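Marked as topological domain 'Virion surface' by Swiss-Prot: 1-22. The N-linked glycosylation site annotation in Swiss-Prot covers N20 and rests on sequence analysis. Summarising the annotation, Swiss-Prot assigns transmembrane segment to 23-43. Sequence annotations record features per position, and here Swiss-Prot assigns topological domain 'Intravirion' to 44-97 based on sequence analysis. Positions annotated as S-palmitoyl cysteine by Swiss-Prot: C50. The phosphoserine annotation in Swiss-Prot covers S64, S82, S93. Annotation comment: Swiss-Prot describes 71-80 as compositional bias 'Basic and acidic residues'.
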Amino acid sequence: MSLLTEVETPIRNEWGCRCNGSSDPLVIAANIIGILHLILWILDRLFFKCIYRLFEYGLKRGPSTEGVPESMREEYRKEQQSAVDADDGHFVSIELE
């Protein structure tokens, strides 16, 4: 009994694979999953600091208002709104009659 597997069977005095050109959907799916896994692994190793920083600190936007009195929160909101209102002068308002 040979220790060679089916994939390692010598073909025409060369080592080759009998499954080349296989159109089996399971083989195609396995190849796609393998390629995606490799791509994700490479991206993970390249950008792991950025990725895990997002998980560590979350996707918070803007300053935290935790522990800030409500009066200061309202003052901050008014300042932000006044900054937005000041920019409205740059736009042209067209009114239809």
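Each residue, glycine too, has its Cβ placed from N, Cα and C.
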Distant-in-sequence neighbours of the transmembrane segment (23-43), which means Cβ under 8 A and at least six residues beyond its ends: none
Residues that sit under 8 angstroms from C50 (S-palmitoyl cysteine) by C-beta distance, when 6+ apart in the chain: none
Averaged pLDDT, computed only over the residues in the topological domain 'Virion surface' (1-22): 55
Around the Cβ of S82 (phosphoserine), the count of other Cβ atoms that are within 10 Å: 9
